Amino acid sequence: MNLKQELIERFTRYVKIDTQSNEESHTVPTTPGQIEFGKLLVEELKEIGLTEVTMDDNGYVMATLPANTDKDVPVIGFLAHLDTATDFTGKNVKPQIHENFDGNAITLNEELNVVLTPEQFPELPSYKGHTIITTDGTTLLGADDKAGLTEIMVAMNHLIHNPQIKHGKIRVAFTPDEEIGRGPAHFDVEAFGASFAYTMDGGPLGGLEYESFNAAGAKLTFNGTNTHPGTAKNKMRNATKLAMEFNGYLPVEDAPEYTEGYEGFYHLLSLNGDVEQSKAYYIIRDFDRENFEARKNNVKNIVKTMQEKYGEDAVVLEMNDQYYNMLEKIEPVREIVDIAYEAMKSLDIEPNIHPIRGGTDGSQLSYMGLPTPNIFTGGENYHGKFEYVSVDTMEKAVQVIVEIARRFEEQA
């Protein structure tokens with residue numbers, strides 16, 4: 001079985017396991033599917049030939065590829081996450097394989113009229129000639145991050161079967177609940193024992209990322225007073241309208257649909273409720289730490305304004321920081337970025353260095369003493385029914401993992 005065949009076989013099998021995390025759950029991991037998947041990976045890591053394969057009570061899977069050199073090489077790690085996003089259903093994923101893709105529109109689901117088009121997704125024709133894997137139009141695919149996870153598995157298998165490629169000790173980890181910001185919450189950096197690591201959790205070919213958002217989540221509860229609408233004058237307080245009023249205070253242009261590059265935003269992720277009570281969940285993002293703090297203060301000030309207007313119980317705010325920009329922790333060990341950059345160039349891949357408009361486990365791990373930049377995996381349109389992945393790009397990602405390991409040994 002060549003690399004491409006192994007990638008397809010593993011990936012299509014892995015995405016069929018429902019591993020969506022759950023923001024509302026307080027268990028670790030938050031869903032049983034992640035435990036099921038972790039147990040499967042433990043067995044497969046052992047089958048490949050890795051050692052020190054463990055899965056702890058919190059669902060964190062770790063394993064070791066022993067060094068095959070006498071050189072004193074720093075221990076490096078490769079990480080991916082077990083869970084998939086909560087934005088769209090991940091149950092009963094039916095991956096569709098399109099070999100030698102012609103670059104044109106793909107009808108994902110004729111019955112539901114779900115069509116992946118170049119008009120909506122202009123990057124699509126660039127994958128002409130590739131083998132791509134799509135959804136059937138009813139679920140997300142789960143390439144985020146089962147593409148990265150698959151690539152690590154295939155790369156480790158490749159290194160074991162090609163002992164002429166010299167490398168130091170490599171540690172592998174698969175983490176739960178990344179999509180809800182809890183990935184590193186119970187990650188044992190000391191037990192992992194790597195000097196630094198890479199998350200395989202990026203997007204298109206060439207992605208190399210070591211700047212991430214500063215991130216916070218804000219949960220707002222709006223409490224109203226419900227009465228019969230016929231006699232509601234001066235009595236009713238509509239909680240849903242309070243939520244609408246709060247949102248109206250936020251700058252319209254500071255939203256994901258209007259921002260790019262280094263621009264931050266407020267994002268209304270969900271709004272549920274009725275006259276009596278409504279709940280809104282926002283995420284707050286900015287690359288600049290001062291701007292990040294200013295955004296959080298803006299939310300607090302809006303809440304205060306509304307409390308003064310309607311009463312303290314009318315709006316209740318719970319806000320917490322989720323992760324910070326990893327750049328601060330990557331810069332002192334810039335060589336780990338340089339080696340990844342050189343590895344890509346040597347494989348005729350043009351590195352695309354850009355800020356992550358999101359977060360990875362590496363965002364938090366970098367602040368826990370494990371500097372962790374992010375590398376591409378080949379996926380596009382994450383978290384929805386139009387998600388797809390290029391197997392050709394996945395193969396390139398495997399080659400990058402192998403080349404990074406080789407270069408660390410060579411330069412030791």
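The backbone N, Cα and C atoms fix where each Cβ goes, glycine too.
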>> Of the candidates HIS81, HIS98, HIS267, which one does Swiss-Prot list alongside ASP144, ASP201 as binding Zn(2+) 1?
In response: HIS81
>> ASP144, GLU179 show up in Swiss-Prot as binding Zn(2+) 2; which entry in HIS354, HIS383 does that record put in the same site?
In response: HIS383
> Among the binding-site residues HIS81, HIS383, whose Cβ has the fewest other Cβ atoms within 10 Å?
Replying inline: HIS383
> Do you know offhand how many angstrom separate HIS81 (Zn(2+) 1 binding site) and GLU178 (active site, proton acceptor) by C-alpha?
Replying inline: 6
> Name the residues of the same chain, 6+ apart in sequence, whose Cβ is under 8 Å from the Cβ of ASP144 (Zn(2+) 1 binding site)?
Replying inline: THR84, ALA85, GLU179, ASP201, THR377, GLY379, TYR382, HIS383, GLU387
> Which chain neighbours of the Zn(2+) 1 site, leaving out HIS81, ASP144, ASP201, have a Cβ atom within 8 Å of the mean position of the site's Cβ atoms?
Replying inline: ALA80, ASP145, GLY148, LEU149, GLU178, GLU179, THR199, MET200, THR360, ASP361, THR377
> Can you tell me the three-state DSSP label for HIS81 (Zn(2+) 1 binding site)?
Replying inline: strand
> Measuring Cα to Cα, how many angstrom lie between ASP83 (active site) and GLU178 (active site, proton acceptor)?
Replying inline: 7
